[in-house]
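As written in Swiss-Prot, here are the features:
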- Lys164: active site, proton acceptor (ACT_SITE)
- Gly63, Trp65, Asp83, Asp99, Asp124: S-adenosyl-L-methionine binding site (BINDING)
Amino acid sequence: MAKSSRSKTSKAWLKEHFNDPWVAKAQEQGYRSRASFKLLEMNEKDRLFRPGMAVLDLGAAPGGWSQVAGQLIGGRGTVIASDILAMDALPDVTFIEGDFREEVIYEQILMALGDQRADLVMSDMAPNMSGNSAVDQPRAMYLAELALDMAERVLEPDGVFLVKVFQGEGFEDYRKALQSRFKRVVSRKPAASRARSTEVYQLGFGLK
């Protein structure tokens, strides 16, 4: 019975995915995922990218956000992408495969940054969803906490932190944690986010 239920859920997801206008738009414009449009919209509102900056993209695969960063910054800055999953190469993006919680991967990230700190740390990480919010929400919050920890370690004092968070248990506490660490915190729900999704992006500007 459970297997049948999962099969129905998978079929429904596939139908939604292939009928999604943002997925079609991504394919037409050569972006790796619909997530690219979320970042493009947030950049229009918040001017996240500028020439010469250093960007760290956590949980980057398949590369939708790194692709945008690479295009907007080009060879005039540094874009570092990290994920435990493999990712096809992108122009002007340095990819580091592995778990950034591990010291060896963290050191590789620092080496890629060189003598600079990151101007923008961004995370679109999400766990593999089971459909059980009691399981999924803590996993999602844990990933957001990992991203925040990394941001505090590598960000410039006036840097920006962009992270995906899911509304639910732990969300308000996480937002308070951001407000205690950053001078300004704003929420964003891009048009390319699915309406039924509880995801909401948090932006922290300038470490306190």
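Glycine is treated like the rest: Cβ placed from N, Cα and C.
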Three-class DSSP secondary structure - Asp83 (S-adenosyl-L-methionine binding site): strand
Cα-Cα distance maximum in Å, computed over every pair in Gly63, Trp65, Asp83, Asp99, Asp124 that the record assigns to S-adenosyl-L-methionine: 18
Structural state of Asp124 (S-adenosyl-L-methionine binding site), classified by DSSP into three states: coil
